[in-house]
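The structure appears below as C-alpha coordinates.
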Amino acid sequence: MNPITPYCLFVGCFWLAIFGGTATHELEENDEHPHKWEMLYLVHQWPVTVCKMNEHDCKEDPLLYWTIHGLWPDKAEDCNRTWHFNLSELQDLMGDMKKYWPDVLHPNHTFFWKHEWEKHGTCAAMLESLNSEEKYFSKALELYKRIDLNSYLLKVGITPGSTSYQLAAIRDALIDAYGVTPKIQCLPGEEGHIQIIGQMKFCITKEFTLRNCTEPKTDPSPAPEDHFYHTEDLEICNDTLTYYPSHLHE
Ligand SMILES: *[C@@H]1O[C@H](CO)[C@@H](O)[C@H](O)[C@H]1NC(C)=O
Ligand SMILES: *[C@@H]1O[C@H](CO)[C@@H](O)[C@H](O)[C@H]1NC(C)=O
Ligand SMILES: *[C@@H]1O[C@H](CO)[C@@H](O)[C@H](O)[C@H]1NC(C)=O
Ligand SMILES: *[C@@H]1O[C@H](CO)[C@@H](O)[C@H](O)[C@H]1NC(C)=O
Ligand SMILES: *[C@@H]1O[C@H](CO)[C@@H](O)[C@H](O)[C@H]1NC(C)=O
(Lines of atoms letter the chains of each structure in order from A and count residues from 1; the text may use other names and numbers.)
(Lines give C-alpha, C1' and ligand atoms only; values in the text may rest on other atoms or scores of the structure.)
(Ligands and ions follow the chains in the order given, each with its own letter.)
Protein backbone atom coordinates (compact mmCIF):
# COMPACT_ATOMS: atom_id res chain seq x y z
CA MET A 1 0.00 0.00 0.00
CA ASN A 2 1.21 3.48 -0.77
CA PRO A 3 2.15 5.04 2.58
CA ILE A 4 0.13 8.13 1.77
CA THR A 5 -3.08 6.16 1.45
CA PRO A 6 -3.80 5.50 5.11
CA TYR A 7 -2.81 9.10 5.88
CA CYS A 8 -5.42 10.39 3.48
CA LEU A 9 -7.93 7.89 4.65
CA PHE A 10 -7.60 8.95 8.23
CA VAL A 11 -6.29 12.47 8.39
CA GLY A 12 -8.38 13.61 5.45
CA CYS A 13 -11.42 12.25 7.17
CA PHE A 14 -10.19 13.67 10.44
CA TRP A 15 -10.37 17.22 9.14
CA LEU A 16 -13.65 16.53 7.42
CA ALA A 17 -15.03 15.30 10.70
CA ILE A 18 -13.87 18.47 12.46
CA PHE A 19 -15.26 20.87 9.89
CA GLY A 20 -18.22 18.75 8.92
CA GLY A 21 -19.56 19.48 12.37
CA THR A 22 -20.51 16.69 14.71
CA ALA A 23 -21.12 18.92 17.70
CA THR A 24 -24.71 17.94 18.41
CA HIS A 25 -23.78 14.30 18.34
CA GLU A 26 -21.04 14.99 20.88
CA LEU A 27 -23.35 16.85 23.22
CA GLU A 28 -25.93 14.12 23.24
CA GLU A 29 -23.35 11.50 24.00
CA ASN A 30 -21.99 13.15 27.12
CA ASP A 31 -23.32 13.55 30.64
CA GLU A 32 -26.32 11.27 30.32
CA HIS A 33 -24.12 8.20 30.48
CA PRO A 34 -22.12 7.33 33.58
CA HIS A 35 -19.49 5.68 31.38
CA LYS A 36 -18.60 8.39 28.95
CA TRP A 37 -15.51 8.20 26.85
CA GLU A 38 -13.87 10.40 24.25
CA MET A 39 -11.79 8.22 21.98
CA LEU A 40 -10.80 4.67 21.26
CA TYR A 41 -7.47 2.91 21.31
CA LEU A 42 -6.90 0.29 18.66
CA VAL A 43 -4.25 -1.70 20.46
CA HIS A 44 -1.80 -3.80 18.43
CA GLN A 45 0.41 -6.28 20.21
CA TRP A 46 3.66 -7.97 19.23
CA PRO A 47 3.15 -11.67 20.08
CA VAL A 48 6.84 -12.40 20.71
CA THR A 49 6.93 -9.80 23.48
CA VAL A 50 3.61 -11.00 24.90
CA CYS A 51 5.19 -14.45 25.08
CA LYS A 52 8.25 -13.07 26.87
CA MET A 53 5.99 -11.52 29.49
CA ASN A 54 4.08 -14.78 29.99
CA GLU A 55 6.72 -17.45 29.62
CA HIS A 56 4.82 -20.01 31.67
CA ASP A 57 1.81 -19.75 29.40
CA CYS A 58 3.61 -19.49 26.12
CA LYS A 59 3.54 -22.95 24.61
CA GLU A 60 4.06 -22.44 20.92
CA ASP A 61 6.27 -20.31 18.70
CA PRO A 62 4.73 -16.85 18.71
CA LEU A 63 3.18 -15.35 15.61
CA LEU A 64 5.42 -12.98 13.68
CA TYR A 65 2.89 -10.28 12.89
CA TRP A 66 1.18 -7.60 14.94
CA THR A 67 -2.20 -8.80 16.13
CA ILE A 68 -5.13 -7.00 17.70
CA HIS A 69 -5.19 -6.80 21.48
CA GLY A 70 -8.35 -4.77 21.59
CA LEU A 71 -10.43 -1.73 20.76
CA TRP A 72 -10.64 0.16 24.03
CA PRO A 73 -12.60 3.28 24.87
CA ASP A 74 -10.55 5.61 27.04
CA LYS A 75 -11.99 6.30 30.51
CA ALA A 76 -14.49 3.45 30.68
CA GLU A 77 -14.47 -0.21 31.57
CA ASP A 78 -17.03 -2.94 32.29
CA CYS A 79 -19.98 -0.78 31.34
CA ASN A 80 -22.74 -3.35 31.18
CA ARG A 81 -22.37 -6.49 33.22
CA THR A 82 -25.67 -7.91 32.00
CA TRP A 83 -24.60 -7.90 28.34
CA HIS A 84 -23.02 -11.32 28.14
CA PHE A 85 -20.66 -12.44 25.44
CA ASN A 86 -22.22 -14.70 22.83
CA LEU A 87 -19.70 -16.47 20.61
CA SER A 88 -22.34 -17.32 18.00
CA GLU A 89 -22.59 -13.66 17.05
CA LEU A 90 -19.02 -13.79 15.75
CA GLN A 91 -19.72 -16.70 13.42
CA ASP A 92 -19.36 -14.64 10.24
CA LEU A 93 -16.10 -13.05 11.45
CA MET A 94 -14.45 -16.23 12.67
CA GLY A 95 -11.79 -16.50 9.96
CA ASP A 96 -10.55 -12.95 10.51
CA MET A 97 -10.91 -13.20 14.29
CA LYS A 98 -8.64 -16.25 14.49
CA LYS A 99 -6.08 -14.74 12.18
CA TYR A 100 -5.94 -11.11 13.32
CA TRP A 101 -7.35 -11.19 16.86
CA PRO A 102 -6.16 -14.49 18.28
CA ASP A 103 -5.45 -15.24 21.89
CA VAL A 104 -1.71 -15.41 21.32
CA LEU A 105 -1.14 -17.67 24.33
CA HIS A 106 -4.06 -20.07 24.47
CA PRO A 107 -5.50 -22.37 21.82
CA ASN A 108 -9.09 -21.50 22.75
CA HIS A 109 -9.68 -17.84 21.92
CA THR A 110 -13.13 -17.59 23.49
CA PHE A 111 -12.04 -16.36 26.92
CA PHE A 112 -9.95 -13.60 25.41
CA TRP A 113 -12.76 -12.36 23.17
CA LYS A 114 -15.24 -12.60 26.06
CA HIS A 115 -12.90 -10.57 28.24
CA GLU A 116 -12.44 -7.92 25.55
CA TRP A 117 -16.19 -7.66 24.98
CA GLU A 118 -17.12 -7.44 28.64
CA LYS A 119 -14.39 -5.04 29.68
CA HIS A 120 -14.23 -2.77 26.61
CA GLY A 121 -16.91 -3.72 24.09
CA THR A 122 -19.81 -3.06 26.46
CA CYS A 123 -18.46 0.51 26.81
CA ALA A 124 -17.79 1.01 23.11
CA ALA A 125 -21.40 -0.08 22.57
CA MET A 126 -22.60 3.33 23.77
CA LEU A 127 -22.01 4.38 20.15
CA GLU A 128 -24.74 3.24 17.81
CA SER A 129 -22.13 2.16 15.26
CA LEU A 130 -20.67 -0.25 17.85
CA ASN A 131 -23.78 -1.34 19.71
CA SER A 132 -23.60 -5.05 19.04
CA GLU A 133 -20.90 -7.63 19.38
CA GLU A 134 -20.72 -8.08 15.66
CA LYS A 135 -20.44 -4.34 15.02
CA TYR A 136 -17.76 -3.94 17.67
CA PHE A 137 -15.52 -6.78 16.60
CA SER A 138 -15.96 -6.14 12.89
CA LYS A 139 -15.15 -2.43 13.30
CA ALA A 140 -11.91 -3.32 15.08
CA LEU A 141 -10.99 -5.72 12.28
CA GLU A 142 -11.82 -3.08 9.69
CA LEU A 143 -9.63 -0.45 11.39
CA TYR A 144 -6.79 -2.95 11.76
CA LYS A 145 -6.93 -3.74 8.05
CA ARG A 146 -7.03 -0.06 7.13
CA ILE A 147 -4.00 0.72 9.27
CA ASP A 148 -2.27 -2.35 7.84
CA LEU A 149 0.68 -1.91 10.18
CA ASN A 150 2.43 -5.16 9.24
CA SER A 151 2.64 -4.36 5.54
CA TYR A 152 3.73 -0.83 6.22
CA LEU A 153 6.56 -1.74 8.61
CA LEU A 154 7.84 -4.37 6.19
CA LYS A 155 7.72 -1.91 3.35
CA VAL A 156 9.86 0.67 5.15
CA GLY A 157 12.29 -2.03 6.25
CA ILE A 158 11.44 -2.12 9.95
CA THR A 159 11.52 -5.85 10.46
CA PRO A 160 11.84 -8.09 13.51
CA GLY A 161 15.11 -9.89 14.07
CA SER A 162 18.32 -9.41 15.94
CA THR A 163 18.78 -5.75 15.02
CA SER A 164 17.45 -2.84 17.03
CA TYR A 165 15.94 0.47 16.01
CA GLN A 166 15.99 3.89 17.55
CA LEU A 167 12.50 4.56 18.84
CA ALA A 168 12.56 7.87 16.94
CA ALA A 169 13.06 6.01 13.65
CA ILE A 170 10.00 3.87 14.31
CA ARG A 171 7.95 6.86 15.42
CA ASP A 172 8.96 8.96 12.41
CA ALA A 173 8.07 6.14 10.04
CA LEU A 174 4.63 5.91 11.64
CA ILE A 175 4.06 9.67 11.36
CA ASP A 176 5.04 9.51 7.69
CA ALA A 177 2.48 6.81 7.06
CA TYR A 178 -0.39 7.85 9.25
CA GLY A 179 0.14 11.51 10.14
CA VAL A 180 -0.23 10.66 13.81
CA THR A 181 1.83 9.09 16.58
CA PRO A 182 0.45 6.08 18.38
CA LYS A 183 1.44 5.33 21.96
CA ILE A 184 4.30 2.87 21.74
CA GLN A 185 4.85 0.64 24.75
CA CYS A 186 7.90 -1.41 25.64
CA LEU A 187 9.00 -4.02 28.09
CA PRO A 188 11.82 -2.35 30.02
CA GLY A 189 15.21 -3.91 29.48
CA GLU A 190 16.70 -5.68 32.46
CA GLU A 191 20.31 -5.33 33.55
CA GLY A 192 21.80 -3.49 30.63
CA HIS A 193 19.48 -4.98 28.02
CA ILE A 194 17.57 -2.64 25.78
CA GLN A 195 13.81 -2.12 25.87
CA ILE A 196 11.64 -4.44 23.80
CA ILE A 197 8.72 -3.17 21.76
CA GLY A 198 5.41 -4.70 22.89
CA GLN A 199 2.31 -2.70 21.99
CA MET A 200 1.16 0.16 19.83
CA LYS A 201 -2.01 2.02 20.67
CA PHE A 202 -3.50 3.99 17.80
CA CYS A 203 -5.89 6.68 18.96
CA ILE A 204 -9.17 6.84 17.07
CA THR A 205 -12.03 9.32 17.16
CA LYS A 206 -15.69 8.40 17.50
CA GLU A 207 -15.89 8.99 13.74
CA PHE A 208 -13.22 6.30 13.29
CA THR A 209 -10.44 8.53 12.03
CA LEU A 210 -6.93 8.45 13.41
CA ARG A 211 -5.90 11.22 15.77
CA ASN A 212 -2.83 11.95 17.82
CA CYS A 213 -3.00 10.49 21.29
CA THR A 214 -3.37 13.13 23.98
CA GLU A 215 -0.07 13.90 25.60
CA PRO A 216 0.15 12.45 29.12
CA LYS A 217 0.89 15.95 30.53
CA THR A 218 -2.49 17.35 29.50
CA ASP A 219 -4.51 14.26 30.34
CA PRO A 220 -4.67 13.55 34.08
CA SER A 221 -6.74 10.37 33.85
CA PRO A 222 -4.77 7.21 33.20
CA ALA A 223 -5.43 5.35 30.00
CA PRO A 224 -7.21 2.03 30.46
CA GLU A 225 -5.08 -1.02 30.64
CA ASP A 226 -5.98 -4.60 30.11
CA HIS A 227 -4.11 -7.18 32.09
CA PHE A 228 -5.26 -10.24 30.24
CA TYR A 229 -1.63 -10.78 29.22
CA HIS A 230 0.16 -9.20 32.23
CA THR A 231 0.82 -6.13 30.13
CA GLU A 232 1.13 -4.12 33.35
CA ASP A 233 4.86 -4.64 32.83
CA LEU A 234 4.76 -2.46 29.72
CA GLU A 235 5.73 1.22 29.90
CA ILE A 236 5.78 4.02 27.35
CA CYS A 237 9.02 3.38 25.43
CA ASN A 238 12.02 5.59 26.14
CA ASP A 239 13.57 7.50 23.29
CA THR A 240 16.43 5.03 22.91
CA LEU A 241 17.36 1.85 21.11
CA THR A 242 14.47 -0.56 20.89
CA TYR A 243 14.56 -4.27 20.26
CA TYR A 244 12.01 -5.78 17.85
CA PRO A 245 12.53 -9.48 18.48
CA SER A 246 11.65 -12.36 16.21
CA HIS A 247 12.56 -15.02 18.77
CA LEU A 248 11.90 -15.56 22.43
CA HIS A 249 15.54 -16.15 23.23
CA GLU A 250 18.56 -15.03 21.32
C1 LIG B 1 -27.10 -3.59 28.92
O2 LIG B 1 -27.25 -4.81 28.30
C3 LIG B 1 -28.59 -5.28 28.31
C4 LIG B 1 -28.59 -6.71 27.76
O5 LIG B 1 -28.07 -6.76 26.47
C6 LIG B 1 -29.44 -4.32 27.47
O7 LIG B 1 -30.80 -4.76 27.45
C8 LIG B 1 -29.35 -2.93 28.07
O9 LIG B 1 -30.03 -2.01 27.25
C10 LIG B 1 -27.90 -2.51 28.19
N11 LIG B 1 -27.82 -1.28 28.93
C12 LIG B 1 -27.17 -0.22 28.43
C13 LIG B 1 -27.14 0.99 29.30
O14 LIG B 1 -26.65 -0.25 27.33
C1 LIG C 1 -26.43 -15.85 20.60
O2 LIG C 1 -26.41 -15.39 19.26
C3 LIG C 1 -27.10 -16.21 18.36
C4 LIG C 1 -26.83 -15.71 16.95
O5 LIG C 1 -27.06 -14.31 16.87
C6 LIG C 1 -28.60 -16.20 18.72
O7 LIG C 1 -29.32 -17.04 17.85
C8 LIG C 1 -28.75 -16.71 20.16
O9 LIG C 1 -30.09 -16.60 20.57
C10 LIG C 1 -27.88 -15.89 21.10
N11 LIG C 1 -27.88 -16.50 22.43
C12 LIG C 1 -28.20 -15.82 23.52
C13 LIG C 1 -28.12 -16.56 24.82
O14 LIG C 1 -28.51 -14.64 23.50
C1 LIG D 1 -13.57 -22.71 24.20
O2 LIG D 1 -14.06 -22.41 25.50
C3 LIG D 1 -15.46 -22.12 25.54
C4 LIG D 1 -15.81 -21.63 26.93
O5 LIG D 1 -15.49 -22.60 27.90
C6 LIG D 1 -16.23 -23.35 25.12
O7 LIG D 1 -17.62 -23.08 25.14
C8 LIG D 1 -15.82 -23.74 23.71
O9 LIG D 1 -16.45 -24.92 23.31
C10 LIG D 1 -14.29 -23.91 23.61
N11 LIG D 1 -13.93 -24.03 22.21
C12 LIG D 1 -13.16 -25.01 21.76
C13 LIG D 1 -12.86 -24.98 20.30
O14 LIG D 1 -12.70 -25.87 22.50
C1 LIG E 1 0.35 14.62 15.22
O2 LIG E 1 1.56 14.97 15.86
C3 LIG E 1 2.66 15.06 14.96
C4 LIG E 1 3.93 15.24 15.76
O5 LIG E 1 3.74 16.13 16.80
C6 LIG E 1 2.41 16.18 13.96
O7 LIG E 1 3.47 16.27 13.05
C8 LIG E 1 1.12 15.85 13.20
O9 LIG E 1 0.80 16.88 12.32
C10 LIG E 1 -0.03 15.63 14.17
N11 LIG E 1 -1.17 15.14 13.40
C12 LIG E 1 -2.42 15.57 13.57
C13 LIG E 1 -3.46 14.96 12.71
O14 LIG E 1 -2.70 16.41 14.41
C1 LIG F 1 12.99 4.37 30.72
O2 LIG F 1 14.01 4.93 31.50
C3 LIG F 1 13.70 5.01 32.90
C4 LIG F 1 14.85 5.73 33.58
O5 LIG F 1 16.08 5.13 33.23
C6 LIG F 1 13.47 3.61 33.46
O7 LIG F 1 13.11 3.68 34.84
C8 LIG F 1 12.34 2.97 32.69
O9 LIG F 1 12.11 1.65 33.15
C10 LIG F 1 12.68 2.95 31.19
N11 LIG F 1 11.55 2.42 30.43
C12 LIG F 1 11.69 1.45 29.55
C13 LIG F 1 10.47 1.06 28.78
O14 LIG F 1 12.74 0.87 29.36
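Each residue, glycine too, has its Cβ placed from N, Cα and C.
All TrEMBL annotations are machine predictions without curation.
Per TrEMBL, the features are as follows:
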type	residues	note
ACT_SITE	His69	active site
ACT_SITE	Glu116	active site
ACT_SITE	His120	active site
SIGNAL	1-24	signal peptide
Three-state secondary structure, His120 (active site) (per DSSP): helix
CB contacts for His120 (active site) [other CB atoms within 10 A, all chains]: 27
